[in-house]
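Feature annotations, reproduced from TrEMBL:
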TRANSMEM  B:20-48  transmembrane segment
TRANSMEM  B:55-79  transmembrane segment
TRANSMEM  B:99-121  transmembrane segment
TRANSMEM  B:133-150  transmembrane segment
TRANSMEM  B:170-190  transmembrane segment
TRANSMEM  B:202-222  transmembrane segment
TRANSMEM  B:234-252  transmembrane segment
TRANSMEM  B:330-351  transmembrane segment
TRANSMEM  B:372-399  transmembrane segment
TRANSMEM  B:405-428  transmembrane segment
TRANSMEM  B:449-469  transmembrane segment
TRANSMEM  B:481-506  transmembrane segment
Amino acid sequence: MTDPGGAVGSGGTGGPALELDGLVKEFRGRRVVHGLSLTVPRGSLFGLVGPNGAGKTTTLSMATGLLRPTAGVARVLGLDVWADPAAAKAVMGVAPDGMRLFEQLSGRELLHYVGGLRRMPHEVTAARAEELLGVLDLRTDARTVVADYSAGMVKKIGLAAALIHAPRLLVLDEPFEAVDPVSSETVRTILRRYVATGGTVVMSSHVMELVEGLCDRVAVVADGRVLADDTVAALTAGGSLHRRFLELVGAREGVGDGLGWLGTAPEP
Amino acid sequence: MTLLVVRLRLAMWRSAMTRSALHLTSSVLGGLGALAVVAVLGPAIALLVLQPERVVALTVPLFASLTLFWTVLALAAAGVDNVLDPTRFAVLPVRAWPLSRSLLAASFTGIPAVMLVVLALAQTVAWTRGPGTVLAALLAAVLGCLTAVLGSRAATSVLAAVMGGRTGRLLGAVVVSLVTVLPLGLNLVVSRGGLVTDLASFDARGAAVAASWTPVGWAWALPFDVATGRWGPAAAHLVLAVLLVAGLWWVWATRLARVLTSPLTTSGGQRIGRGRLLPVLLGRSPVGTVAARRVRAWYRDSRLVSIALRTAVLPVFFVLQAVVTDLGVFAGIGVVSLGVFAGLTLMNDLAFDGEAWWLHVSTGLRGRDDRLGRVVASVVVFGPVVALTFGVSAVLGLVDPVVPWLTVTVTAFLASLALATLVGAVLPGTAPRVGGNPFAASSGGAAQGCALALLSFVGPAVLVLPVLVPAVLTRGTAGEWVVLVVGVLYGLVLLAGAVVLGGRWLEHRAPEMLGRLAHAQL
């Protein structure tokens, strides 16, 4: 990796923030990710879209050191994730989807916990935790255990936990799922500001409108392969990402004339 | 609909078994165990037919206590068999009464229920003294089995309602943990009485009459009443037993009706204290951070609360038994086994974290910090309990000589911690689901569970042996102090080795462990 002077994450310069090279994942001999390669430039807000079961979560897990790939290389800011996991994990923040948090801790305790694990000075952790809780509208529930949080609140506290050590790269799996419109706008603002200061975001989603409005680059993944990878403007080419996505993944014929019996149950 | 639900249950059972070899193995083992129990108990009960009435009367207290234990055990095991969780029927247009009938039928397809029915039939054989008693015994079998099954259903459904919230769950955990050690209390009472060795002078009629007036004994008393010609009590028992079955069914169906209309359990936003003490005590290093979280979990997580209570209450009975029977060795065994149990609680620590453990992986926490943090937490939680139990037993003069017992207790605690720290890093074990029933089996009876159970029994014994032998040999001499020091050092070395080795293994296999943890909560 050419990164003279060690100016890691100094803005849009230097090597890519995330580089996936020929990632393969097999579960019991069944291949779900087929030699996937992807390059995320620094300072971009990168969207990973694809239908259900496309391998988005699997790919992001392999990129963040949570799932060992069968083959292939993942590099974060030039650091090989699987050769030196700890070094790579130190520079990125991760918020996986559907994985539980330590639910017996309150929101504030969870943030302090992550800070402690990352060996941050306690004063820094505490100050950042308060700020994050405030911005994400979680302060009134800071002393409630995460077990009693709603799905959207869990998403927000997960995002806060990923941000607390000021990482260079943020990897978010479905960050907007179950988040209300107001909080969603807050999260978008946070992400835009984060990118403006030189950070890089990789997020997966299956809400096309959201990706189109927020991301500058997007990759379409289906069946464990990259179908397209370009800037949003180039990919949509004047149309909508929604239409382009359906074209790429090969939208099946609609339901046609079937299901004609829907709504024929007798009135009570 | 009944047939449909029974078929559904069998289909789910089959698919669970074909999907995983572990499930199949545990089911087969469970089935064989049940068969063994029935093969021994069944004929024994049936052969009572050859005995005089005063001996056959034994079936009344026997089946009454069986019914009681059934209900208590069902509380302890609730959630294990949630294949037919009634909330899953909430979106379907079914009514509570027909559903309860179907679920009742389905619950008789389980191995424990089949065992109960077979034993109840053996009871009918035992009462083959005339058409009257056979009829009464059959009626008793039907009503008694219904009482047991409906009683467990009613109790679990009421408890589930109480345990919707976090505070309720904690409360339920406390109550049921104490109830599940009830049999030990009974054992204490019985141990005063001595064993029955002579059948010729054995008379169970008194016990039968006493048991017949408890709710769990009403049904089972019918053949005894008929055989002894006590028609008044027979009529009373019949009416009471029928009313009990009807009442239990009504309670259960009412709860079902409630569940069908509000399947989502609500839990209010409970706030917790600030927890400022623990960081001060344990520091803010990664080790201290992990330790503080584990300590918090031991009193916040209802699953762990029930384990901690049972672990701590068990030795109390040993100590009490020592007082009652005047045999000090019971107290010593109690204290040592407390040390072992307390150490082994670390064994499935990772399973209790479950997938949430990804946070340790994602933050790049070092394996040995993870291990050591948990060890510190276990010492903080259980160290005082072990010390207190030992101190009380020593002051009461129950553990004697003191120093060798102390040596063995401390070594057992440290060695078990070491064993659990190392094994827990390789085999995560299983744990009940978060926020689910805290009494679900904490060790799945699968192959991994068998390996862990074997290690838990054999491991501590093997590890303590090198210290146990010199401790016994040097008792009463000055050498016992040397052995104490050596024993503590030996335990600490084991622990350090386990932390380093377990930590290294965990660090190398973190993603694989995470994959296993995704399925570690049952």
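Placed from the backbone N, Cα and C atoms, the Cβ positions cover glycine too.
Note that TrEMBL annotation is computational and uncurated.
Remark: the transmembrane segment (B:449-469) makes no contact with the transmembrane segment (B:234-252), by the rule of 3 or more CB pairs under 8 A. With a threshold of 8 Å between CB atoms, the same-chain residues lying at least 6 positions outside the transmembrane segment (B:202-222) that come near it are 53-61, 63-65, 67-68, 71, 123, 136-137, 139-140, 143-144, 147, 151, 196, 228, 233-234, 237-238, 240-241, 244-245. The stretch from B:99-121, B:133-150, B:234-252, B:372-399, B:481-506 with the most CB pairs below 8 A to the transmembrane segment (B:330-351) is B:372-399. Outside the transmembrane segment (B:234-252) by six or more residues, the chain places 100, 104, 136, 139-140, 143-144, 146-147, 150-151, 153-154, 157-158, 212, 215, 218-219, 221-222, 225-226 with a CB less than 8 A from a CB of the stretch.
Pairs of Cβ atoms less than 8 Å apart link the transmembrane segment (B:133-150) most often to B:99-121, out of B:99-121, B:372-399, B:481-506. Listed as Cβ neighbours of the transmembrane segment (B:481-506) (distance under 8 Å, sequence separation of 6 or more from its ends, same chain) are residues 366-372, 375, 403-404, 406-408, 410-411, 413-415, 417-419, 421-422, 424-426, 463, 466-467, 470-471, 474, 513.
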